[in-house]
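Copied over from Swiss-Prot, here are the features:
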- LYS16, SER175, ASP176: ATP binding site (BINDING)
- SER56, ASP143, ASN155: substrate binding site (BINDING)
- 281-358: domain 'PUA' (DOMAIN)
Amino acid sequence: MTSRKPLGRYRRIVIKIGSALLVDRKAGLKKAWLDAMCADISGLKAKGIDVLVVSSGAIALGRSVLDLPSGALKLEESQAAAAVGQIALARAWSESLSRDEIVAGQILLTLGDTEERRRYLNARATINQLLKIGAVPIINENDTVATSEIRYGDNDRLAARVATMTGADLLILLSDIDGLYTAPPHLDPNATFLETIAEITPEIEAMAGGAASELSRGGMRTKIDAGKIATASGCAMIIASGKTENPLSAIENGARSSWFAPSGTPVTARKTWIAGQLQPAGELHVDDGAVTALGAGKSLLPAGVRSVSGLFSRGDTVAIIGPAGREIARGLVSYDADDARRIAGRKSAEIETILGYPGRAAMVHRDDMVMTAQIGSKSERQKKDASYA
């Protein structure tokens, strides 16, 4: 397992900041906290580290400016609040960073910007250019146009996608939670704090609670989801409290936080994109034999597919689901949904007879696939990743 190291030894850091840290329900923007945060960012940049910020707070800030009532907002109310709040949020970041002569660059992303390959590459190029000229990208979901059906849903997973997109080696999630516990500490006095997480296992996933406040959409569940995306690409992750001023300095000085170790063998950029897809177009449900084959680094053949769900086209990302109902892999499917259903459970030699054309022998080729769950020991998986990535 890669050991934890000081922040100053990382090359590129993505910092996600929760709404509750930036915005007070009554007072609005927490200017003093933001100024202190920007001072921390300036300190990292002085060490030659690239810094990207995924900043929540647009809806919360707009809600404060518009004096909207407490409770859940309708979609159009959230979008209006985002439209008002995003301007104020961008201005606040720009003003605070400019105190240290740092330029801020605003980037608003929608789900398609990371899920569609061409737009993904374009967004990555824009972010990399901002970093090249020394600016700090301030990134948020474009809540003014995103709907409940086509959105990230929280900035934890957005931050993880940004980290993988830009090749960051550390993702820091700042919120009102100081890390991962074995159970919600406010409900269980015997809950144990976990300082180091070597691997996100099913047991770790089960520990994730549902803590979320009115000002934010995220909780520990989404942070663990973010960790799975980030660590699979070789990026370490830290969950830490941002309640104190200068939270990055606090982490550096030993404040309590949970550190998630990166995968020992980062996958290729293309496989990173596949693994991080937030909304697979469909699902392939497979049998135990297929699970064993995939764990050995082999392709998914039609014979191992028990059923097909969803509407997808050839080349779309699909989730591969094991007999227990848990996702074990993701990949680019070789057939559209209708043809996949027709050949599911059949031998590859029968494909041409069934479909009328000689398709690929594999439903999902191993070169187009990334494992998203544990099969076998970690050392065995790392050897396979090194062979097939």
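Glycine too: its Cβ is placed from the backbone N, Cα and C atoms.
A quick note: this is a predicted structure, and the numbers were derived from the prediction, not measured.
Where Swiss-Prot records a feature, it is marked here on the structure.
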| residue | record | DSSP (3 states) |
| --- | --- | --- |
| LYS16 | ATP binding site | strand |
| SER56 | substrate binding site | coil |
| ASP143 | substrate binding site | coil |
| ASN155 | substrate binding site | helix |
| SER175 | ATP binding site | strand |
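The CA atom of LYS16 (ATP binding site) is located 8 Å away from the CA atom of SER56 (substrate binding site). Within 10 Å of the C-beta of LYS16 (ATP binding site) there are 30 other C-beta atoms, taking all protein chains into account. Across the fold, the C-alpha of ASP176 (ATP binding site) and the C-alpha of SER56 (substrate binding site) stand 13 Å from each other. Per-residue pLDDT, averaged along the domain 'PUA' (281-358), amounts to 95 for this model. With all protein chains in the displayed structure included, the most crowded Cβ environment within 10 Å among the binding-site residues SER56, ASN155, SER175 is that of SER56.
For ASP176 (ATP binding site), the count of additional Cβ atoms within 10 Å of its Cβ stands at 15 [all protein chains shown]. Around ASP143 (substrate binding site), taking its Cβ as the centre, 24 other Cβ atoms fall within 10 Å, counting all chains. Here the Cα atom of SER175 (ATP binding site) is found 10 Å from that of SER56 (substrate binding site). Secondary structure of the domain 'PUA' (281-358) per DSSP (helix as H, G, I; strand as E, B; remaining residues coil): 26 helix, 23 strand, 29 coil.
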